[in-house]
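A.B. asks: The structure that follows is given in the form of C-alpha cells.
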Amino acid sequence: MKNISFKVNDFQYTINNKLTLIQACLKNKVDISRFCFHEKLSIAGNCRMCLVEDLKQVKPLASCAINVSNSMNIYTNTLKVKKARESVLEFLLANHPLDCPICDQGGECDLQDQSVVFGSDRGRFYEFKRSVEDKDCGPLIKTIMNRCIHCTRCVRFSNEVAGVNILGVTGRGSKMEIGFYIENLMRSELSGNVIDLCPVGALTSKPFAFTSRPWELKSYNSIDVLDSLHSNIRVDIRGTKIMRILPRVNSELNEDWITDKIRFSYDSFRRQRLYDPMVKISGSFLKIGWKKAMLFIKKFFCNFLGFNHSSFIPLRGYIGDYLDLETIYTFKKFLLLNGSNFFLPSSSYNDLTALYSFNTPLTRLDEGDFCILLDVNLRVELPIVNSRIKQLVSKKMLPVFVLGFYSNFNYFVKHISNSSKTLLHVLEGSHWLSAKISKKFSSKPIFLIGDSSSLLKGSLIVPLFNFTNVICDNWNGLNIISNDSSYLSTKEFNLSSSHSQNSHLLNFPINFVLNYDKAVLVDSSAFQIYQGHHGDTNAINSNLIFPSTSFIEKNSFYSNSLAIVQKTKKILFSPGNSRDDWKILNALIDNFGFSYFKVRNSFDLVSFLSESTPFILYKRSFSFKCFGFYEQLVYHFFNYFSVNNNYYIYDSITRNSKIMSLCFNKFKMKGYNFF
C-alpha cells in the first residue's frame with residue numbers, strides 16, 4: 001500500500017493514498033468544517049462546506065470527494081476558502097427558520113457553530129422561506145423538516161447501517177425534501193442514531209423535547225447492559241434524573257451507534273422500583289428494615305433445618321440478566337456455603353470458553369468469506385452486530401445462510417431449513433451447502449449461533465470442527481449469541497442462567513430469585529426470596545423481597561459476550577433502602593455465620609475475582625483448542641421455532657418504560673412485525 005506526501009497549510013504529512021483529503025486531514029488532527037461528511041457513512045458531497053484551496057486548481061475543491069495525491073499543497077484557512085464557506089452558509093441559511101431559541105439542538109448545533117465562525121453578519125435573501133411538512137417517524141424521533149439542510153446523513157444511515165430503505169430525497173431545487181416515499185414509520189432498532197447524525201434540529205429526540213439544555217447536564221460514561229455486547233454509552237443527568245443516553249465511540253464494539261432500547265428506556269429507572277425490604281404476611285407485603293429482614297431469613301432457615309433434620313439448606317437459585325461479576329461470584333459462594341449444587345451438566349462443554357462466547361473480534365468480521373446464522377434472530381438479540389453483517393453484505397457481497405426460524409432480515413439471506421437435521425446433512429457433506437462451507441472452499445467462515453441451539457449440547461460440535469475451518473490458525477469463527485447480558489459471566493462461574501436444564505428440581509422448598517424476570521414454575525408451598533430492582537411478577541409471588549440497585553447506581557464489573565470486561569459507574573444514588581446485589585448476598589453469608597468468606601468492600605471482592613477468573617484483570621486471548629477428544633453424542637432432531645420477537649418489551653427494565661410501551665403499541669397498531 002503506497003504512502004504519499006502532501007502539504008496542508010504548509011505542514012508536510014504522509015498518508016495512505018486511498019484516503020480522501022478530508023479523511024487525511026482528520027487523521028492528522030487538521031479540522032475541516034463539514035455537514036454531510038461522516039466517517040461511518042458513504043460520501044455524498046452535498047453541503048460543499050468542506051471546500052479547500054489547492055494552489056494548482058482554479059476553483060476550491062470539495063475535500064470529501066477528492067483523493068489525496070502526491071505533492072498536493074492544500075490550504076484550509078485562506079481568504080478564498082473563507083469566502084466560499086460564507087457563501088455556502090448564506091445559501092443554507094436562506095431557507096432556515098429563525099427558531100433557534102426553541103430548538104432542541106441549541107448548544108449542539110453544527111450550523112450555529114459554523115455560522116459564528118464562517119457566516120456573514122447580514123443576509124441578502126428577501127423572498128419567502130419555504131415550508132416543508134413534518135414527517136411522522138414514530139414515538140422516538142421528532143421531525144421539523146423546515147430546518148433540514150439536505151445533508152442526507154439520515155438517508156445514508158437508514159440505507160447503509162440500519163438496513164431499512166425507507167428514507168429518500170424527492171423533488172428538485174426549492175421543492176427538494178427528505179422523507180418517506182410512502183407514509184411510513186422509522187421501523188429500525190437503531191433509528192435513534194439519526195438524532196445524533198443530524199447536524200441541525202430537523203431530527204431530535206421526541207422524549208427529550210423541551211426538557212433541558214446541554215449545558216444543564218452532567219455527563220457520565222457507562223456501558224449498555226441491555227444486550228450482551230455492552231456498547232459504550234454516555235449518560236446525561238440533571239439533578240437526580242436521567243435526561244438522555246447517548247453513544248460513546250468504540251471501534252471494537254459499537255462504533256458510533258447504540259440501540260433504541262438503551263437510548264430510550266431510561267425512564268424505567270424511576271418507575272416500579274423496589275425501595276425497602278418487604279415480607280409477605282397474610283397475602284400483603286409489609287415493609288421491614290434490613291436488620292429485621294436478616295433476622296427473619298435467619299430464623300426461617302434455622303427453623304427449616306430443625307424441622308427437617310437437615311444439615312444443609314435445599315436452596316435453588318434463579319439467575320437473571322444484567323448481573324455484574326461481583327454479584328454472580330458472591331451468589332455462587334452463597335449457594336455453595338448453603339450446600340446447594342446448581343451447576344450445569346458437563347455435556348454443555350462449560351470447560352471451553354470458546355463454546356459460549358463471541359470469539360471473532362468485531363473488527364475482523366470483514367475477513368470472513370461466509371456466514372451462517374443458526375437458530376438466532378440477530379436483529380433482535382444483537383442489533384449492532386447485525387448492522388455490521390448488513391454492511392458486509394452490501395459492500396463485500398458476503399453470502400449469508402439461515403438455519404432456523406426465518407425472521408424479517410434487513411439484508412439478503414438464503415433460508416435453508418427449519419430443521420436441525422439439515423445441519424447434520426450439511427456437515428456430513430450430503431447437502432448442496434456442504435461444498436460452500438467445507439475446508440476446501442471457505443477459509444474463514446463465520447458461524448453465529450443462538451445460545452439455545454442444539455449445537456451447543458455437543459451433538460454436532462465435533463462434525464462442525466472437522467468439516468469446516470471455523471477454528472483454525474489465527475481464526476475463530478464460532479460465535480454464540482445470547483439475549484442474556486450476563487450469559488458468559490454465568491458460564492464462566494459454571495452457573496446456569498436458565499432453569500430449563502434443571503427442570504427435575506422444580507420441587508425445591510426454597511427458591512432464591514436473583515433479578516430473574518422470567519416466569520418461575522414452582523410449587524405454591526415453596527418459600528421464595530426475590531432480589532431485584534424492579535417490581536415484577538416474581539416479586540409479587542415472593543415471600544421476601546430484597547431491593548437492589550440497577551447498573552447505573554453502582555460501580556461494578558461486567559463481562560460482555562466477547563469476554564471484554566468493562567466497568568459501570570455509579571451515576572445516581574440508589575433509591576430508598578436498596579443496596580448493591582453483592583452486598584446483600586455478602587450480608588446473608590455473614591448472617592449465617594460463614595466467617596471464612598470475609599468481604600468488606602469492593603476491593604476485597606475484586607481480589608477474590610481476579611484469583612478465580614483471570615480474564616478480570618487480563619484481556620482473554622482467543623485460544624484455538626483441539627476439540628477432537630470430545631466424544632460425539634446422540635443426535636436429537638427437532639424444528640427451530642421463533643425466538644423472542646418483542647424487541648421493545650423484553651425484561652423488567654423495558655417493561656417498566658413508558659417510552660418502550662409507546663413504541664410497542666405504535667408498531668403493533670401499524671401492524672409491523674419486522675423482527
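Here the Cβ of each residue, glycine as well, is placed from N, Cα and C on the backbone.
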A.B. asks: Given that Swiss-Prot annotates C36, C47, C50 as binding [2Fe-2S] cluster, state which candidate in C25, C64 belongs to that site as well.
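C.D. replies: For the [2Fe-2S] cluster site that includes C36, C47, C50, Swiss-Prot also lists C64.
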A.B. asks: Figure out which of C109, C137, C198 sits with C148, C151, C154 in the [4Fe-4S] cluster 2 site per Swiss-Prot.
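C.D. replies: For [4Fe-4S] cluster 2, Swiss-Prot names C148, C151, C154; of C109, C137, C198, the listed one is C198.
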A.B. asks: Measuring Cα to Cα, how many angstrom lie between C148 ([4Fe-4S] cluster 2 binding site) and C100 ([4Fe-4S] cluster 1 binding site)?
C.D. replies: 13
A.B. asks: Determine the minimum-neighbour residue: among C47, C50, C103, C151, C198, listed as binding-site residues, which Cβ has the fewest other Cβ atoms within 10 angstroms?
C.D. replies: C103
A.B. asks: Within 8 Å of the Cβ centre of C36, C47, C50, C64, which other residues of the chain have their Cβ, at the recorded [2Fe-2S] cluster site?
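C.D. replies: Going along the sequence, the neighbours appear as I22, R34, F35, F37, A44, G45, N46, R48, M49, A62, S63, C151.
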A.B. asks: For C50 ([2Fe-2S] cluster binding site), identify the closest of the binding-site residues H96, C103, C151, C154, judging by Cα separation.
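C.D. replies: Of the binding-site residues H96, C103, C151, C154, C151 has its Cα closest to that of C50 ([2Fe-2S] cluster binding site).
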A.B. asks: Can you see whether DSSP assigns C154 ([4Fe-4S] cluster 2 binding site) to helix, strand or coil?
C.D. replies: helix
A.B. asks: Using the CB centroid of H96, C100, C103, C109 as the [4Fe-4S] cluster 1 site centre, which other residues of the same chain sit with their CB within 8 A?
C.D. replies: P97, D99, Q105, G106, L111, Q112, R147, V200, G201
